[in-house]
């Protein structure tokens, strides 16, 4: 990892927890040592963004797990970046594979969300990744480059964007991409950014890995030169998340 890229660890709590259990988790996180050279962001369920921001130590940022592409309006069940900021969160996760494949969000919609979230001043954790059949068909690069292109077309300021490579076959399955598999895709993504955006953006943009990251797998993954951090699911709800935060130490 280049020294200019600050290690980034996101915890995606998904649709989990209640105030009591999340309060206990927050207590653990507040007591944890967070290295000065590591950025930590937690993404609670929407109903608990306010709660998490009030309880979490300021050293840990808060993200929403999703947002919509416009400011206000007749969009029942949606939240806007402006609302997210009003609750004290500063980041949003967009394009997560569960949004793409469970809720049918298209590349185009995700791109529009990215553009609006950035315009409203949120940082964006933009997720990309291939399914198992796509990897087996040998089209991993084609899929992730197409997804990345739509995101890229909607980004003006790369300083507020973190790319999260999440192979769909490794999310919640217990299968983790090997450090070599992760590094290979991250390196190719950085090369794509260099060719299609700029060398400066390729060098400065953090590309983090998601997909069954645990306390046991994080250190070797973190040692790869193009792995700049993690987006953690299940393990972010457990005390081992502290080990993942400290994976570079």
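Glycine too: its Cβ is placed from the backbone N, Cα and C atoms.
Annotation comment: Swiss-Prot describes 96 as active site, electrophile, evidence class similarity to another entry. Under the heading active site, proton acceptor, Swiss-Prot lists 166, citing similarity to another entry as support. If you look up Swiss-Prot, you'll see 12, 14 marked as substrate binding site. What Swiss-Prot lists as N6-acetyllysine is 14, 156, 194, 238, and the listing cites similarity to another entry. What Swiss-Prot lists as phosphoserine is 80, 106, 159, 223 (among others), and the listing cites similarity to another entry. Per Swiss-Prot, N6-succinyllysine is recorded for 149, 194 (among others), and the stated evidence type is similarity to another entry. Positions annotated as phosphothreonine by Swiss-Prot: 173 (among others). What Swiss-Prot lists as 3'-nitrotyrosine is 209 (among others), and the listing cites similarity to another entry.
Overlay of Swiss-Prot annotations on the structure.
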{"residue": "12", "record": "substrate binding site", "DSSP (3 states)": "strand"}
{"residue": "80", "record": "phosphoserine", "DSSP (3 states)": "coil"}
{"residue": "96", "record": "active site, electrophile", "DSSP (3 states)": "coil"}
{"residue": "106", "record": "phosphoserine", "DSSP (3 states)": "coil"}
{"residue": "149", "record": "N6-succinyllysine", "DSSP (3 states)": "helix"}
{"residue": "159", "record": "phosphoserine", "DSSP (3 states)": "helix"}
{"residue": "166", "record": "active site, proton acceptor", "DSSP (3 states)": "coil"}
{"residue": "173", "record": "phosphothreonine", "DSSP (3 states)": "coil"}
{"residue": "223", "record": "phosphoserine", "DSSP (3 states)": "coil"}
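When the recorded positions 12, 14, 166 are ranked by how far their Cα is from the Cα of residue 209 (3'-nitrotyrosine), 166 comes first. Residue 12 (substrate binding site) is 29 Å away from residue 194 (N6-succinyllysine) when you measure Cα to Cα. For the modified residues 159, 223, the greatest number of Cβ atoms within 10 Å around a candidate Cβ is found at 223. Distances between the Cα of residue 173 (phosphothreonine) and those of the recorded positions 12, 14, 166 are shortest for 166.
DSSP classifies residue 238 (N6-acetyllysine) as coil under the three-state reduction. Highest Cβ count within 10 Å among the recorded positions 12, 80, 173: 12.
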